[in-house]
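According to TrEMBL, the protein has these features:
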- B:67-278: domain 'ABC transmembrane type-1' (DOMAIN)
- B:7-32: transmembrane segment (TRANSMEM)
- B:63-89: transmembrane segment (TRANSMEM)
- B:101-121: transmembrane segment (TRANSMEM)
- B:150-175: transmembrane segment (TRANSMEM)
- B:196-215: transmembrane segment (TRANSMEM)
- B:259-278: transmembrane segment (TRANSMEM)
Amino acid sequence: MRELKIRGFLALSVALTLLIVPAQVASQTPATIRMVYWPGPESDAMRKVVDWYNANRSAADGVKVEMVLFSREGFFDKEATVLAARSPEVDMVFTASYILGRHAPHMDSLEKVVAASGEGSLQVFLPSARDSLSFQGRPYAVPMDVSNHFLYYRSDYLNRLLTDSAWQRRYSEVAQRELGKALSPKKPEDWSPDDFVAAALFFTKTINPDSPTAFGTVLQAKNLIYNVMIWDNFLYGLGGSWFRSGFQPALNTPQAQKALDVYVTIMQKKATPAGSTSYEYGEANEAFRTGKVAFMVQWSAAFHELDDKTKSPMVAGNVKLAPVPGKKTHVHALGVGISAYSNTKPAVQKWVRFLATTQAMRMYADAGGIPPVRAALANPALAKQRPEFPLIAEHVEKYGYVETTIAETVPILEILAKHLSAAWALQVAPKIALDQANGEITQLLKEKGYLK
Amino acid sequence: MVQERRLGYAFLAPLTLLLLGLAVFPGLYAYYLSALDASLETFRSPRFIGLANYVRVLTDREFYGAIGFSVRYTLIVVTLELVLGLALAIALNRELRGKRVLISLLLLPLMVSPALLGIMFRLTLNEFIGTVSYYLRAAGFPGNLLAPPYVPYTLMTVDVVQWTPFTFLILYAGLRSIPDEPVEAAIVDGAGGWQILRFVVLPLLRPLLLTAAFLRGIDAFKTFDTIQILTAGGPGSLTTTASIYVYKTAFLTGHLGRANAAVVILLLLLSIPMSRAIRHILRSTP
C-alpha cells in the first residue's frame, strides 16, 4: 500500500512537472510577431525602434518583433495577395492611406487596441495623419511616416523679387501681358495659384529674358498617381475636392477647371521643361538642383537632399519652404496595423501600444523616419539636422487634407492620372479631360455601390 | 511494347505536369476568373457575373486604343528590326578586322534587362542631365523626345536599339549557312548585288526572316517594361500597350476579372494571325 502511495506520488510529481515546466518555459519565451515593411529609409528607421524594443522591452512584454521586408516594386500587390490568402504568417500589415481601403477588410481596427487618450493612444499623432489611416471612421494603422507637399523656392531669387523695383515692374508687365491680370510680387508664403503661375512665367527665360532661371517651375506631369496627389493641392486650395456630398464626384466643377488651368497655362507658356510630361519625383529634383528652376511643388522628403551642399551644391543654402499656393497640402501616411489573420494578437497589441508613444516616435524620427508626431518633429535637437521637420508638423496640422481612404482610392487616382496627364501634355482640352474623369469615376462608384 | 510505351509516358510525365501546372492551369483559371467579379479583396468569394467583364472591356475605348498602339508599335519595330538586322548581317558577313569584338558589342543591348534599359534611356533623355538631350539641344532640336509628339517614336527606337541584335543574330547565322554555289551561279549569270540579294539571298533566308518576325512580333506586342518605366502608358493613354492596359486594370483599378477578360479577348484576337503565321512558317521551312 505504502509502495503504491509512493508510486502514485511520484507519478503525480512527474505529471505536474511535465505540465508546469513547459508552461513556465513558454511564458518566458517571448511570442514572435512578424511585421511586413518595405525596404528603404522607413525600414531603416523602424529597425532601430525594433532593435531597441527587442533589447529592452521584449522580456517584460513577452514579445519579440521580427521585420519581414518585401521588395518595394509591387509591394502592396504582394501584400494584398498575402492578405487575400488569409495567411497567419504576417501579424502586422504595412499600409498606406491610399491603399488602406483595400487592406482594411483584412485588418483589425485599432479602436479598442490603443488607449483612449494620452501615451499609447492615437492622440499622440497629428489629426490629418490619423485620419489618413482611418477607414469608415475607425483607425486601422499607427501612422509611422507622413508625406506632404511644400512649395520649394530659391530664396535668393524670390527675395530679390520682393526688393528689386525693376524686377517688380517687370513681374507686373509679364502678368498683364501673358495672363491679362494685374498682379504684383508677394511673399511665397502668401501665394495664390494665380501668383504661382505669374511667378512661373516671370522666371522663364523665353518670356522674361532677364530671368536668372531657364524655367519658372517644374511640373511632374507623368501619367502617375503620385503626380495627381500634387495637382490635388491646387484643386483643394481653390476650394474644390474629389467629391461633393455622398461620394458624388466633383471633378467637373469650376474649381477643378481652374486648378487644371494652372498646369495647362504653365505647359502652354513653356514655363516648365518640355520633358515634364514624363517627370516624376526624381526628375523634378534633378531639374531643381541644376539651378535652372526657380520653384516647384514637391514632396517633403526632397528637402533633405536639395539643401545638402554635397548633393545639391548649386542650390543648397538657398532652398526655402512655403505652403503650397492655396494653402492646402495632401497628406498621406505609411503605417502599420494588425492583420485579422494573426495568431498572436495579444502580443501584436502590446507592440502597437508601444508604437503609439512619443518615446517610440522620437526614436523613429532620430533614426530618419518622419513620424506625424509634433513632439518628435519639433524636437529642437533634431530640427538642427532636419530643419524641415517642424515645418512638416506645422503644415500637416494646419493645411493637411486627406482625399479619401475608400477602397477605390487607387482606381480613382488612376483615372485622374490618365485623363489629367493627357490635359497636362496638351493632348486633350481641360474640360474634356475633367468631364471624362468625372464620368469614369461616377461609373466606378456606381459599380461599387457608393452611388445609385 | 506496352512496357516501352509506359516508359515513354513516364519520361513525358514531368514535362507534361510542368506544362499543365504552368500553362494549362493558369490559362483555364484566366477563363474562370474572367466570368467573376474578382479583385484582390474579394479573391476568396467573388461573384459570378457571366459575360459582364467581356462587355465592359469590349465597350472600353481605351482597350481599342491600347490594341491599336500595340499593333502599330509591333509593325513598326519589327519591320525596322528586320531591315536593320539584315543590313548588319550583310555588312558583317565578310572578313573584317575585329569582327568578333564588333559582334560582341552589337549584342550588348540584348544582355540588358528591358526595365534597366528603360531607366538608362530615362537618364539619357533627361533634358538637364541626359547626354542625348544635350546633343540634340546643341543641334538646335527644340523639343523633348519623351514629350508628345515624339514619345511614341522614342519608345519604338528604344525597342529597336534593344532587339535589332536579336534579328541580326538569327539572320547572320542564316547568311553564314547559305552555300556559295547559288550566289556564284548568280554572279556567273551576271546578277548585280541587289539582284543577288533580291532573288537569291532573301528567298533562302525567308524561313529565318519569318521566324525572326514571328518571335519579335509576339514579344513586341507584349511590351511592358520599358514603356512602363519611361511613360507609364502616358501622357493620357497615348502609349498604353495591351500589356499595360491589362496590368493597370488588374493591379491599379483592382479588377482581376476584367483584366482576365481582356487577356482572353486578346488571345482570341491574336489566335487567328498567330495560327496563320505558324502555318506559313512551317510551310516555308524545308
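A Cβ is built for glycine as well, from the same backbone N, Cα and C atoms used for every other residue.
The transmembrane segment (B:196-215) makes contact with the transmembrane segment (B:63-89): 3 or more of their CB pairs lie within 8 A, with pairs spaced 6 or more apart in sequence. Recorded stretches compared: B:7-32, B:63-89, B:101-121, B:259-278; the one with the most Cβ pairs under 8 Å to the transmembrane segment (B:150-175) is B:63-89. The list of residues near the transmembrane segment (B:101-121) in space but at least 6 beyond its ends in sequence, with Cβ under 8 angstroms from a Cβ of it, reads 88, 92, 154, 158, 161-166, 168-169, 172, 223-230.
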